[in-house]
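Sequence annotations record features per position, and here TrEMBL assigns domain 'Cadherin' to 9-108, 109-217, 218-326, 327-431.
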Amino acid sequence: LAGGQVRYSVPEEAKAGTVVGRLAQDLGLEAGEAEARRLRLVAQGRRASVEVSGASGALLVSSRLDREELCGKSAPCALRLEVLVERPLRVFHVELEVTDINDNAPIFPAARKNLSIAESSVMGSRFPLEGASDADIGSNAQLSYTLSPSEHFTLDVKSSDENRKSLFLVLAKSLDRETIPVHRLVLTASDGGRPSLTGTVELVISVLDANDNAPQFNQSVYKVQLLESAAEGSLVARVNATDPDEGSNKDDIIYLFSRHVNPKVKEMFTIDENKGEIRLQGKLDYEEMDSYEIPVEARDKGSPPLSGHCKLLVEVLDVNDNAPEVWVTSLSVPVPEDASVGTVVALLSVSDRDSGANGRVRCWVWPASPFGLEATFAGSYSLVLREALDRERVSEYEVEVRAEDGGAPPLRASRGVRVPVSDVNDNAPAFAQAVYTVLARENNAAGAELARLWARDPDEAGNGRVSYSVWEGGVVG
């Protein structure tokens with residue numbers, strides 16, 4: 001427990017019932033208090049995969065935890081939970097880090113990759129290969145590659161500044177189609193886990209005659225930035241390749257997306273096969289995908305045709321297109337009018353799907369009294385009492401929690417909270433006058449009315465019902 005926050009760690013795929021931590025003990029609760037004070041998790045968003053044991057107050061795994069499903073490639077993978085205890089109401093924050101295990105093997109885009117290489121290709125020629133992907137993170141996702149033994153080919157692996165590895169098949173010995181028309185190799189990807197997991201792809205290399213120069217792009221990697229508000233039809237990039245061959249092998253180059261391009265790329269972009277212009281044809285959403293990697297191929301019309309390859313990296317820039325969202329996660333009403341300053345009335349959660357300044361949210365309460373906001377955790381707030389209440393003056397408050405992000409212009413959101421005030425017996429009955437002077441005739445019969453007196457109590461229900469009695473000690477002789 002540090003700064004009001006408890007931190008635990010649990011490996012993914014832990015079995016249901018696994019004890020994550022002794023939550024009640026770590027929160028300072030005595031034996032039996034967890035059940036008596038209703039120690040529980042606040043359900044928020046999708047169903048959590050952990051639960052609190054009512055009897056022991058331990059935090060347990062309740063269902064399968066898959067780090068890749070919860071956080072993808074993000075690290076660390078932390079689940080933020082809110083824990084409540086009652087009598088009095090208190091909130092604690094639990095951060096549960098789900099650690100990675102090596103439960104995903106590297107995967108290539110396909111089990112088999114067909115390549116066509118001209119037999120006239122010179123030694124040292126390089127041919128790009130698609131690498132594998134691994135859903136794990138850290139060392140469990142650090143991939144190394146090996147190629148099955150071959151006297152004609154070697155493997156070259158280079159690390160780019162995007163923390164990706166570029167793979168190239170390098171020709172080490174001249175080819176002879178008449179001797180060996182097809183080469184079959186196995187490319188193996190191994191991750192850094194212990195034990196290591198592997199994935200393979202079969203490389204089927206067909207040796208072709210004739211056209212012996214492939215088109216070459218003037219850049220191997222093109223980088224562009226694009227606002228997520230870019231209009232459909234906007235020009236993203238223009239790629240260009242040249243071919244040192246003659247005739248149709250040189251002049252008739254067409255541009256296209258590589259066969260193994262991500263389907264989302266084809267939905268979002270188009271390419272002009274003659275001009276090499278790549279344009280936007282869909283609506284970008286930074287919150288859904290913040291970058292695209294587009295493999296582009298330039299193919300000549302020789303016989304057989306040859307292709308050159310490059311990569312277009314599109315970085316999507318965020319715009320402030322998401323307003324903040326405010327939720328009330330717990331409400332403790334009515335509030336007694338004698339509640340002390342600092343009493344927690346409600347718990348709130350605020351978020352904004354944008355990033356950077358566009359996603360930074362500030363919150364406040366309107367009107368400014370008698371309540372205020374206190375930040376309890378990233379995106380979590382407590383609505384607390386700032387001033388003493390008086391039900392006889394105000395019996396109910398309509399409070400509005402307002403949120404504004406840091407975009408330009410900023411976007412806003414609000415959430416109304418109704419706070420009724422319950423009565424306590426804090427007002428004594430009061431007569432209209434402190435002294436009444438009554439004139440009475442002598443010899444009045446018993447039971448004759450002498451005067452009518454009336455007292456008022458501003459409290460409600462039983463606290464405001466008044467009964468009368470005569471103080472006999474006040475009889476005047």
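Yeah, the Cβs are placed from backbone N, Cα and C, and that goes for glycine too.
When pLDDT values are averaged over the domain 'Cadherin' (9-108), the model yields 82. Residues in the domain 'Cadherin' (218-326) partition by DSSP class (helix H, G, I; strand E, B; coil) as 10 helix, 46 strand, 53 coil. Helix, strand and coil residue tallies for the domain 'Cadherin' (9-108), in that order: 13 helix, 33 strand, 54 coil [DSSP].
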